[in-house]
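Per TrEMBL, these features apply:
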ACT_SITE  Cys272  active site, nucleophile
BINDING   8-13, Asp33, Arg38, 86-90, 127-128, Glu161, 272-275, Arg342  NAD(+) binding site
DOMAIN    328-452  domain 'UDP-glucose/GDP-mannose dehydrogenase C-terminal'
Amino acid sequence: MVKICCIGAGYVGGPTMAVIALKCPSIEVVVVDISVTRIAAWNSDQLPIYEPGLGDVVKQCRGRNLFFSTDVEKHVCEADIIFVSVNTPTKTRGLGAGKAADLTYWESAARMIADVSKSDKIVVEKSTVPVKTAEAIEKILTHNSKGISYQILSNPEFLAEGTAIQDLVNPDRVLIGGRETPGGQKAVQALKEVYANWVPEDRIITTNLWSAELSKLAANAFLAQRISSVNAVSALCEATGANVAEVAYAVGKDSRIGPKFLNASVGFGGSCFQKDILNLVYICECNGLPEVANYWKQVIKINDYQKSRFVNRVVSSMFNTVAGKKIAVLGFAFKKDTGDTRETPAVDVCKGLLGDKAKISIYDPQVTEDQIQRDLAMNKFDWDHPIHLQPMSPTAVKAVTVTWDVYEAAKGAHAVCILTEWDEFKRLDYSKIYENMQKPAFIFDGRNVVDPEKLREMGFIVYSIGKPLDPWLKDMPAVA
């Protein structure tokens, strides 16, 4: 029986291993993590992450051929294939600060594998890592090998949160990179056989190690670039009276471009896009390619611009001050159908409004108050470290309240900001919200989920990203 062990029970490790266990009943899959609370949650009915369909998969397999454990060393020792999906945060100090990946957790995982292994292992990079990480890991393992053979593979994940289970069950492609040596190719074949249990052969792509590592960074950079492209166009639409939804629809009808990832918004978030692009930028700079580095930097610059532009719209529309005013924030997760708040645009928007002394009331159907308060108090890259190494939950941000009732959030507010495209926000009773708000009542739709004309008929002043401006906003400066 093949034994698989995955180090790291997060957004990647948990769902990936659950689906492998579901599709390969003859393989024993153990997910290990040093966090006792996280493993306890995986073993309970209240899983530590929200992902549609994940609960059913875990219930079917847990205790049969899927196990969650804190006994890291035992299971690493017994495994044939070890997936590593630990955090790879952006460095905040030292060489490459603000751009380079911090491989501390990766390196300690590799050293631990070398310490406890008694038999040959295939070690699979699952976390997003900078190109050439495999080489460093390989060196650590071979220098501590005690006669054991290690093969390193890169098998990047291409999951989208909110659809992760679907993405795993029916992937566009599975990418496996390995060394072009007999041992490397044998390892590639072994991992290929695991996926071949449910993935058609023609969707399993094999490459060299560096291609696999770089493909992941490049794919995320291309996706983020599309969002920044449409967001850049949204600013021009507002200035000229064009409608970004119509422009994006027309552009997306070109089969070479396609319609996906062309929704203008307050900006992209999530744990990967910014981190991976910064990483790409750093690798380009290290390889003497400043022009390429600057090209990719612009994708992040436009994203930051879009968030600050949104805050400026809010403040300038409301008589250039939000001090002491209650503002309802609907949605805090970085996108719908996930409770994930990593790099969510909501953090920057809320911080911008708090900087102008606003009082904020937040509603999100999946994000807890504790998480929101922690996010608002954290420094830029802190979220990407294991929770016990994050700064302790500081004193709550006084000007922020969190409620589980969307109408309560909007009650007495001067403005509503929609920052996540949860489906329920399309179905709210906006006339009820309008009645209970201060007048003039503003709606700033950062995700283009509402129908601006309908809301204007109710009496709202509406700002939708990239849509023709409300007469009220026409004379207001776009950039404060």
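All positions are counted from 1 along the displayed chain.
Backbone N, Cα and C atoms are what each Cβ position is placed from, and that goes for glycine too.
For the domain 'UDP-glucose/GDP-mannose dehydrogenase C-terminal' (328-452), residue counts in helix, strand and coil come to 42 helix, 19 strand, 64 coil, using DSSP.
Gly8 (NAD(+) binding site) counts 26 other C-beta atoms within 10 Å of its own C-beta, drawing on all protein chains shown. A simple way to gauge crowding: the CB of Tyr11 (NAD(+) binding site) has 22 other CB atoms within 10 angstroms, across all the protein chains here.
The binding-site residues Asn87, Thr90, Gln274 differ in how many other CB atoms lie within 10 Å of their CB, and the one with the most is Gln274. When pLDDT values are averaged over the domain 'UDP-glucose/GDP-mannose dehydrogenase C-terminal' (328-452), the model yields 91.
All protein chains considered, the CB of Asp33 (NAD(+) binding site) has 24 other CB atoms within 10 Å.
For Asp33 (NAD(+) binding site) paired with Cys272 (active site, nucleophile), the C-alpha to C-alpha distance reads 21 Å. Sequence-distant neighbours of Glu161 (NAD(+) binding site): residues of the same chain at least 6 apart with a C-beta under 8 Å from its C-beta are Tyr11, Glu51, Gly270, Lys335, Asp337, Thr338, Asp340. Around the Cβ of Cys272 (active site, nucleophile), 25 further Cβ atoms fall within 10 Å across all displayed protein chains.
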